[in-house]
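For His63, His65, His233, Asp308, the entry in Swiss-Prot reads Zn(2+) binding site. Among the features that Swiss-Prot reports, Fe(3+) binding site is placed at His63, His65, His233, Asp308, with the record citing sequence analysis. Annotated 4-imidazolone-5-propanoate binding site per Swiss-Prot: Arg72, Tyr135, His168, Gln236, Thr313, in sequence order, evidence recorded as sequence analysis. The annotation N-formimidoyl-L-glutamate binding site is assigned in Swiss-Prot to Tyr135, Asn310, Gly312 on the grounds of sequence analysis.
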Amino acid sequence: MMILGNLRVATLSDGYGLIPDAAILIEGGRIQWVGPEAHLPPSAAPRHDMGGRLCTPALIDCHTHAVFAGTRAAEFEMRLKGASYAEVAAAGGGIVSTVTATRAASADELLAASLPRIDAMLAGGVGTVEIKSGYGLDIETELRMLRVARRIGELRKVRVRTSFLGAHAVPPDYRGRPDAYLAEVVLPALKVAQDEGLVDAVDGFCEGIAFSPAQIAHLFAQAHKLRLPVKLHAEQLSNLGGAALAARHDALSADHLEYLDAEGVAALAAAGTVAVLLPGAFYALRETQAPPVAALRAAGVPMAVATDLNPGTSPLGALGLAMNMACTLFRLTPEEALAGTTIHAARALGLSDTGRIAPGFRADLAIWEAEHPAELSWRIGPAPLHARLHEGEFV
């Protein structure tokens, strides 16, 4: 048991939910009480004076591809010199290069490559991170990626949620045969992953260059049979009705959404599905059509913000910078950006015990060298993190 005193607490209970001169009572890894310190119930718990600093829930990065091998720096240079997508692919670049490197990496090598990325996230105030598979595209490597993700959660003071993304792309050995790939690789791998307790949700990529709505619907039906929630990469490059499809399947989230239309917005609102905005990919791909934030806001769709950390289209590992990008590029307010990396990000992962500072919630907290929550989205550069607590313990 302990008390954090002399804080400015953003509870995220109503907007920022800001409480000046606040205290938090923590016991058993959970928040027992929060409010003005003058009203703190009598307690013999040791008190830590936090010097008037800002306290928020630890941040949640709800969409990452943080486990992979290799880099895509060479094709980054190629694109800047004018190479087309086809030319990059012909030179061995694109997702195939990451798949090749990831398949060749052992579990230990994948872990060694991934831990520094996770450590950088934690230094930015992240306390929960989602990690997807999707760079194996064969049964063995997809499972290896998920095992490495679980191992990260054991080695670091971070809560890891895994998403099975076997339906990320059709590998070269199944080119032109996506249905066979789903039947022979994706669904068998999913069953093994579920049997081993490796998967928390099932994801897919609904796009002309990936999988059709009918194929995703089949995948989701199988996921539901395994009692697994679903989420979807949707409307990133075109509109195939992926968001509405996700909503029909009670998806936790639909992610990207640059080409989301009014029908999709209405479907997300009706289903309570979270819209996950990924400004890093929008920036890296130099897209020009942004997600319809005003329409999502008007419809009451909860909006989350994540890094989409991946080697090809969003090599962004700083959630604070993603918050700034969401405000600058997508016109979110700083309040929306903070909610998008706390309470709404938790909802996008199906978590109901984190993302707010309230009695009964996990004591996953971030203490910042800041006076006001808007500073977290305003800053560009190193995160002003002073300290982080994971289940009520300083880390």
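Cβ atoms are placed via backbone N, Cα and C, with glycine included.
Cβ neighbours of His233 (Zn(2+) binding site) (same chain, under 8 Å, six or more residues apart in sequence): Asp203, Gly204, Phe205, Cys206, Glu207, Ala210, Gly242, Asp255, His256.
Ranking the binding-site residues His63, His65, His168, Gln236 by the distance of their Cα atoms from the Cα of Asn310 (N-formimidoyl-L-glutamate binding site) places His65 first. Shown in sequence order, Ile95, Lys132, Ser133, Gly134, Tyr135, Leu137, Asp203, Gly204, Phe205, Ala210 are the residues of the chain, 6+ apart in sequence, with a C-beta less than 8 angstroms from the C-beta of His168 (4-imidazolone-5-propanoate binding site). Here the Cβ of Asn310 (N-formimidoyl-L-glutamate binding site) has 24 other Cβ atoms within 10 Å, regardless of which shown protein chain they belong to.
Sequence-distant contacts (6 or more apart, same chain, Cβ under 8 Å) of Arg72 (4-imidazolone-5-propanoate binding site) comprise Gly93, Ser97, Thr98, Pro311, Gly312, Pro315.
Sorting the binding-site residues His63, His65, Thr313 by the number of other Cβ atoms within 10 Å puts His63 first. Neighbour counts of Cβ atoms within 10 Å were compared across the binding-site residues Tyr135, Gln236, Asp308, Gly312; the minimum falls on Gly312. Rounded to a whole number, the C-alpha distance linking Thr313 (4-imidazolone-5-propanoate binding site) with His65 (Zn(2+) binding site) is 11 angstrom.
Here the CA atom of Asp308 (Zn(2+) binding site) lies 12 Å from the CA atom of Gln236 (4-imidazolone-5-propanoate binding site). Taking the mean position of the Cβ atoms of Tyr135, Asn310, Gly312 as the N-formimidoyl-L-glutamate site, the remaining same-chain residues with a Cβ inside 8 Å of that point are His65, Phe68, Arg72, Ile95, Thr98, Gly134, Pro311, Thr313. Note: the Fe(3+) site is recorded as His63, His65, His233, Asp308; in the same chain, Thr64, Lys132, Asp255, His256, Leu278, Ala281, Ala306, Leu309, Asn310, Ser314 also have Cβ atoms within 8 Å of that site's Cβ centroid.
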